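Participant: The phosphoserine annotation in Swiss-Prot covers SER32, SER147, SER406, SER409, SER413. The region 'Disordered' annotation in Swiss-Prot covers 120-213. If you look up Swiss-Prot, you'll see 139-149, 159-170 marked as compositional bias 'Basic and acidic residues'. Here Swiss-Prot flags TYR367, HIS375, LYS414 as active site.
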Amino acid sequence: MAEAVFRAPKRKRRVYESYESPLPIPFSQDQSPRKEFRIFQAEMISNNVVVRGTEDMEQLYGKGYFGKGILSRSRPNFTISNPKLAARWKGVQTDMPIITSEKYQHRVEWARDFMRRQGHDESTVQKILTDYTEPLEPPYRERKGESPQHEPLSSKADSSLEGREGKDELSVTTGGAGQSDDLQGLNTHSDCRQEGPGHATLTVASPSSLNGHAIEDPEALSQIPCCSQEALGQQDDLWPEASSQIAGESRAAHEYVLIEEELCDVQEGAAPHDELLKRKRLVCRRNPYRIFEYLQLSLEEAFFLAYALGCLSIYYEKEPLTIVKLWQAFTAVQPTFRTTYMAYHYFRSKGWVPKVGLKYGTDLLLYRKGPPFYHASYSVIIELVDDNFEGSLRRPFSWKSLAALSRVSGNVSKELMLCYLIKPSTMTNEDMETPECMRRIQVQEVILSRWVSSRERSDQDEL
């Protein structure tokens, strides 16, 4: 057997973030107050483990790159803001999403359909949506006697706005009276997007998928005839509030958005037959149909955080699950969980960041530091065998299929690794009912490389 040649991980050309920490736990050299050990909260919903706390999501993904956003490719950073509109209105210093009028109307229709399914009549639905989607002032809120602060735009931003086309007038509608205000009052802060404690809201999530579609109803709507807050809260049990409350976070309040709308106005001093000029403005409204993004953990990632690090508590129907129950539940959901987790635990303990290798036909992909910094170095196939290398294979290979998989891995600059988990011949299925069985497991790694005759001849000639 030839000796394996280890290649250095290939760093990505462009890196857009800094490396924080390999794991979401404090290390011995960290003595600052902010480095306290923290228990994160997750829920098991529809055979999936999801994290809903905003700070928990940031910590778990930012430190160790655990999980992925259910609406994003990797980091949970989903936003409904239109990138083209955000670039067009770049002079508006605001953290509120900017969307088109058509996109906002889609959300109004989704909210309308949701309330119809709850049994509301058409007049009640129309009344609720009319009141909820009225134009508002940008959400400056008084906090403990503080007056709202309006920070003007910088001169640089003003000059950039003046250079726009003459037919596009930048304005913002404020107040229910239809008044118009200039853009100098749109510099909002992140804490201005939630109303004060005096505004009660109901958040209802759709059970159809993990994408939390929510409709919010202000307290004033309870005074509308034939409509009560309980009507919008009939499905609260489908998405229990326990996770956000356990995590120490309150329910998200209203989400404010800026909608680009068009106005028609006659040009001053123009002839009657001159065409109308279209002016565009930004209108602040409440989003009637919110979409929440959560962090979804693989079963291996969730169990590693709970068992190996002890920093994750997983709840099912508001009840915390023990380590043994998690081991049994994950095995019932995914029959190959024991095998894949042992390999995941092994590679994580060695400093690699394992991710699902389904894209390249393997079980795991191994990254150095994390996907934002390096390309995956290895594609891993996992097999559980006894000490005689016998047993039922999870994935039997023929020479043809193995050569094809090796060719695929080589074409994407990854090495194919066979990871053999060797258990004693005396170990029974009953012995594997708890994670303590991992103490008796040995691991052997085999790197598979393709022999190329022409390359071998050139190497021999050089020698």
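Each residue, glycine too, has its Cβ placed from N, Cα and C.
Could you place the listed features in the three-dimensional structure?
Facilitator: In the three-state DSSP classification, TYR367 (active site) falls within a strand. Within 10 Å of the Cβ of TYR367 (active site) there are 21 other Cβ atoms, across all protein chains.
Cβ environment of HIS375 (active site): PRO9, LYS10, ARG11, LYS12, TYR367, SER413, LYS414 lie under 8 Å away, each six or more residues apart in the same chain.
Long-range Cβ neighbours of SER406 (phosphoserine) (same chain, at least 6 residues apart, Cβ-Cβ under 8 Å): LEU416, LEU448, SER449, ARG450. Under DSSP, SER406 (phosphoserine) is assigned to a helix (H, G or I) in the three-state scheme.
Listed in sequence order, TYR360, THR362, SER379, GLU415, LEU416 are the same-chain residues six or more apart from SER409 (phosphoserine) with CB atoms under 8 A from its CB.
Following the DSSP three-state reduction, the secondary structure of SER413 (phosphoserine) is coil.
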Participant: Measure the Cβ-based neighbour count of LYS414 (active site), defined as the other Cβ atoms within 10 Å of its Cβ.
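Facilitator: Summing over all protein chains shown, LYS414 (active site) has 22 other Cβ atoms within 10 Å.
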Participant: Across all the protein chains here, work out how many other Cβ atoms are within 10 Å of the Cβ of SER413 (phosphoserine).
Facilitator: 11
Participant: What does DSSP say about HIS375 (active site): helix, strand or coil?
Facilitator: coil
